[in-house]
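Going by TrEMBL, these are the annotated features:
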{"type": "DOMAIN", "residues": "49-145", "note": "domain 'Blue (type 1) copper'"}
{"type": "BINDING", "residues": "85, 130, 133, 138", "note": "Cu cation binding site"}
Ligand SMILES: [Cu+2]
């Protein structure tokens, strides 16, 4: 019970601290969760960013729409609202040599909470979109440093 509450607190704090520098952000989250910052930093350095498919209110957006990660990190997209969604990378909008067919998940995510995870091993900027909602502007960016 206690650990479920802690998780919720961490998630809330993470959502609210969009532009806070990482160190400050880690400290804040650690304070909120009541655990050592060093422990949390270690956890975060495994680095899996999460992007929600659809806003909590059902908006047709990736949340957050832009994510910055390091080479070797992965991104997990989680079905949230307004689905079906998918994740499609455009060859012209990714670093050259990247296999966009492998990176994309063209199958629709239909179930709530369904996830797709991809690992990024080539630095650069990746732009992607959701095919069913491309017309509504559902697009995102991954910056791999
Ligand atoms: Cu969509």
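Cβ coordinates are placed from backbone N, Cα and C, and glycine is handled just like the others.
Unlike curated records, TrEMBL annotations are generated automatically.
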>> Can you give me the residues near the recorded Cu cation site, meaning same chain, not 85, 130, 133, 138 themselves, Cβ no more than 8 Å from the center of the site's Cβ atoms?
In response: 53, 54, 60, 61, 62, 82, 86, 129, 131, 132, 134, 136
>> Taking DSSP as the reference, which of helix, strand or coil describes residue 138 (Cu cation binding site)?
In response: coil
